[in-house]
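**Student:** There's a structure below that I have some questions on.
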Amino acid sequence: MNRFVVAEPLWCTGCNTCLAACSDVHKTQGLQQHPRLALAKTSTITAPVVCHHCEEAPCLQVCPVNAISQRDDAIQLNESLCIGCKLCAVVCPFGAISASGSRPVNAHAQYVFQAEGSLKDGEENAPTQHALLRWEPGVQTVAVKCDLCDFLPEGPACVRACPNQALRLITGDSLQRQMKEKQRLAASWFANGGEDPLSLTQEQR
């Protein structure tokens, strides 16, 4: 099975530490510094949104240039191959892939930037607020998604940075251990006076 990071909304305080850690570690590696996870907020909870590294990943299936592949028990994106078509972001069921525009493009001489006063008058279009439709002349859009910090032997930076342990890396072995522990809790449910295993505190889990 693929590895992935799971988020626990009940423990998340929305401090943005995970986003900062993700951005910093990728910038250090010379990759897009846009965070590989997002923070979704409602009136009651704050939850990190992270790539699930799906077994039958739709993003992998739609990429026209094979920039997305399955390797090392994860779904990985090769930024150097990405053409910025954004199909992967459109089909992701979790909204875990975003578009970043921080890599300059070497434009042909005839397309070099002109001063604003030299441009022909024309109808102005209001800038879009939709992240997938935004663009900037002279900058190439590149998709960014969680790579589980595969360049770090210690694993994802977001998991290690979270002060509340709201993020955890799930592997095949750890999933098996958790399943066995939850089976044990379920079996002892009646013996414990009917206490719901899902109501256990973080320490008890």
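The backbone N, Cα and C atoms fix where each Cβ goes, and this holds for glycine too.
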**Student:** Given Swiss-Prot annotates Cys51, Cys54, Cys59 as [4Fe-4S] cluster 3-binding, which of Cys15, Cys18, Cys92 belongs to that site as well?
**Tutor:** Cys92
**Student:** According to Swiss-Prot, Cys146, Cys149, Cys158 bind [4Fe-4S] cluster 2; which one of Cys12, Cys22 is annotated to that same site?
**Tutor:** Cys22
**Student:** Are there residues at least 6 beyond the ends of the domain '4Fe-4S ferredoxin-type 2' (41-72) whose Cβ is under 8 Å from a Cβ of it, and what are they?
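**Tutor:** That would be 1-7, 9-10, 12-14, 18, 78-79, 81-83, 85, 87-97, 143, 145-146, 148, 150, 158, 166-167.
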**Student:** Can you tell me which parts of the same chain pack against the domain '4Fe-4S ferredoxin-type 3' (73-102), counting only residues 6+ beyond its ends and a CB-CB cutoff under 8 A?
**Tutor:** 1-4, 31-34, 37-38, 49-54, 57-67, 131-132, 134-136, 139-148, 150, 171-172
**Student:** Name the residues of the same chain, 6+ apart in sequence, whose Cβ is under 8 Å from the Cβ of Cys12 ([4Fe-4S] cluster 1 binding site)?
**Tutor:** Leu39, Ile45, Thr46, Ala47, Pro48, Asn164, Ala166
